[in-house]
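Working notes, structure below.
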Amino acid sequence: MQHHTHHCAVALNICSLDLVKYLFLRAVRCAIIRPPRDGGIRYRGLTQEQIRSVQILPEDYEIEYICRGSRIIVGPKVRKCLRNGTWTDMNQLSRCCKVAKKPHSSRKKKLYIGALFPMSGGWPGGQACLPAAQMALDLVNNRTDILPDYELELIHYDSMCDPGEATKLLYDLLYTEPIKIVLMPGCSSVSTLVAEAARMWNLIVFSYGSSSPALSNRQRFPTFFRTHPSATLHNPTRVRLFQKWGWTKIATIQQTTEVFTSTLDDLEERVKEAGIEISVRQSFLTDPAVAVKNLKRQDARIIVGLFYETEARKVFCEVFKEKLYGKKYVWFLIGWYADNWFKIKDPAINCTVENMTEAVEGHVTTEIVMLNPETVRGASNLTSQEFLAQLMSRLGGKNPEETGGFQEAPLAYDAVWALALALNKTVAPLRAKGWTLEDFNYNNKEITAEIYRALNTSSFEGVSGHVVFDAQGSRMAWTLIEQLQGGSYKKIGYYDSTKGNLSWYGNDKWIGLGPPADQTKVIEEFRYLSQKLFVSVSVFAGLGILLGIVCLSFNIYNSSIRYIQNSQPYLNNMTAVGCVLALAAVFPLGIDGLHVHRSQFPVVCQFRLWLLGLGFSLAYGSMFTKIWWVHTVFTKKDEKKEKRKHLEPWKLYVTVAVLLAIDVLSLLIWQIMDPLHITVEKFTKEAPKEDLDVLIQPLLEHCSSEKMNTWLGVVYGYKGLLLLLGIFLAYETKSISTEKINDHRAVGMAIYNVAVLCMITAPVTMILSSQQDASFAFASLAIIFSVYITLVVLFVPKIRRLITRGEWQSEQQDTLKTGSSNNNDEEKSRQLERENRELQKIIQEKEERVTELRNQLAERQALRSRRRPSVQNQNQNHSVPSSQAEPPSYSPATDKRSLPPSFSNSSNLYQGEGKLSRNNCHNSRLPLLYK
């Protein structure tokens, strides 16, 4: 033996060494071991070249001695490189010696193990696990170095994986001699029952096939151990696969048992941490039909199934009926089913083997590594392949795929070895305390505590891999990932959850082009305005802008002509400019994400708002001002009407400026407090015509703000009142004629059209906002029609008049050609009104005079009737001329009051020799005076 100051190169005195197992850990400390003269050393994982190049081994590097043949190690079996550069247990030698068979002696004491092996039921794991356990017992009982004074015997029953049946069997085990030192249940449901009750009898429970996460609860199950890792060990592997294939949405279906419920609860926590959503969670007790239909209805694609083998056949029979398989779906199942579980005939289902084979194709299983993939001899001195060969011999050549629990058989084998090694470890401590294993009874807590400590510190190499338990008594192991390809399972990777390492073979195979999507793929597709419609409307808008410019140019060029001057040309110019701005708003109305980048879209929204707002204020505001002025002046009292001759244009301009300022101020407040931004409206998903696993998500961009409806309500309310008031004023002034604004009737007609179109368009465009083509067409055509009608009604008659009457001369020539201003319509109207008033006064005076004369005549006739007798007497003596007896008659010719001179031009109002008689003043003549 050689020693070095900081490193060790140790030549150990070992007989027949043939293998050294190493584990790579932290720092380089110990020198590589030289092989002894009597045996060779094979370093697994290192080639001969690497061995020659490596002189120093890492800290915590372990070597394990395994002897050839049937010989066993005497002395330390494992040595570890320490931080100080030495190896552990250097004071003890390790030798390989021949196994001496135990002489049969009646003095050997038996230790009994009570076991429950499910030979049928949901998981018939006892079919292979029982022979494996019996193999282990035979080897242990033949070993002289393990429990030399004891013999282990197995007392077992068929639990049928049923907690009810297990309760009865547990009673038989506990209350029937002999005393059992350990209990070995199989299924999780049975282990839950047994482990919870066993503490009352101070019994250690050691399971070989329980995966329920609930069994990791030390407070509830204080004496429970298992060589089968917890089912939660599958969940890190599943989450890693979800991430590898890019899935963020999964579904689950479980059988309603505690093992699967607790597993699913753990999975839910893990996927939540990984940002994965469980969109559908279904469960069933015995019949999975409804649960499978719900998965189909809710479009589940990536489905984790947690159920026993018998229920798995029921589930996939329903899966076949619902067509919940194929290139769109991936199922994740538990890997401990028999390899041909879907081919086993089951009277509980009505699907054929072909149906089942078709339904399960491509599913993925996660399975705890239960068989050491490397050729290493463990504590039983068997490699994993040698174990399988002996197990097949025990099964009598039975097909492993049809044997329940064949995959878990190494766990049952190692469970017996773990118990034997632990019991062997307790012999010396118990002897020191004056106890022996045969002293165990259900009230002896000290022996149970020693067995518990021995199991808790167990660490050995078994046929299932390295056996070690965590603080909850669960086995730590790797996870095997398999996929069913062509009716048989293929290994596609391993996952080490303790280090997060995924070893991937890259041979995964899919029915489609690759892993399916976790949900129906939704393709977002923006709806854009029809370009044909946009171009067509833009052409009309462009022509309208050109027409507005022509009208504006015409109005400015002919502003010196009196006829144009009497139409308030500056207001008409504002109307033309407003129309051009309104038409310019059509272009940003049709611009969407097809033309500009999303970041620039708010600028387009601003152009829409400001162009349309300012255009409306200028165009409609100038027309409203005209009609407002006409109505205001011509509805004044008679004594104030003379003021209408003096029109002050600045008042009109101020009115337009006020209306424009209100709009500008309201738009500024809107944009400062709640600026416009882009919003996206989502529509109902649409399926494409092709048979693709996609849906189209239509999207539509809108200009909006946080309180869009409030602002629109304010603007529409204000504009609506202006439109209604404009209609009222236009109707009230339709019969008025004035020289100062000679086109107010045309303005009224334009106001009618604009108001009607605006009142119809505003609500309709809000209703059609989700239909981009209809909304744009309705709004833009309403703008175009309003502008065209306004320009045509206001400017075309002026152009026509100037052309047809030749009124292109100066103001002086226009005056000479058309005559004096007294002959125009307004002067004629004024003259007729004055004559009308004067005639009314004369008629009233004449009526009063006629009434007075009638009264006088009546008085005279009464007086004559009283004097008639005396008159008759006088007539005899005198003759009086008849002309003296007649009353005086009234003649207009004798009236000293004469008609005013102005009536000389109105002789056509009188009849009969140019005299005004009583008949001529009848009321029926009065209407003529107002015409």
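Glycine too: its Cβ is placed from the backbone N, Cα and C atoms.
Under the heading signal peptide, TrEMBL lists 1-30.
The transmembrane segment annotation in TrEMBL covers 533-558 (among others).
Positions annotated as domain 'G-protein coupled receptors family 3 profile' by TrEMBL: 540-818. Across the residues of the domain 'G-protein coupled receptors family 3 profile' (540-818), the predicted structure has a mean pLDDT of 79.
According to TrEMBL, the feature transmembrane segment maps to 570-589 (among others).
Under the heading transmembrane segment, TrEMBL lists 609-629 (among others).
Below 8 angstroms of C-beta separation, residues 568, 570-571, 574, 606, 609-610, 613-614, 616-618, 621-622, 624-626, 628-629, 705, 711, 714-715, 718, 722 of the same chain, each at least six residues beyond the ends of the transmembrane segment (650-673), sit close to that stretch. The feature transmembrane segment is assigned by TrEMBL to 650-673 (among others).
The transmembrane segment annotation in TrEMBL covers 710-731 (among others).
Counting residues 6+ beyond its ends, the transmembrane segment (751-770) has Cβ neighbours under 8 Å at 619-620, 623-624, 627, 681, 683, 700, 702, 712, 716, 719-720, 723-724, 726-727, 729-730, 778-779, 782, 785-786, 789-790, 793 in the same chain. Taken from TrEMBL, the feature transmembrane segment applies to 751-770 (among others).
The annotation transmembrane segment is assigned in TrEMBL to 776-796 (among others).
Residues or ranges marked as compositional bias 'Polar residues' in TrEMBL: 810-823 (among others).
According to TrEMBL, the region 'Disordered' annotation covers 810-835 (among others).
The compositional bias 'Basic and acidic residues' feature in TrEMBL is assigned to 825-835.
TrEMBL lists 858-931 (among others) with the feature region 'Disordered'.
The compositional bias 'Polar residues' annotation in TrEMBL covers 870-886 (among others).
According to TrEMBL, the compositional bias 'Low complexity' annotation covers 899-909.
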Task: Region pair the transmembrane segment (533-558) / the transmembrane segment (776-796), three or more CB pairs under 8 Å - done: yes
Task: For the transmembrane segment (570-589), distant same-chain residues with Cβ under 8 A (at least six beyond the ends) - done: 537-538, 541-542, 544-545, 548-549, 551-552, 555-556, 604-605, 607-608, 611-612, 614-623, 625-626, 649, 652-653, 656, 743, 776, 779-780, 783-784, 786-787, 790-791, 794-795
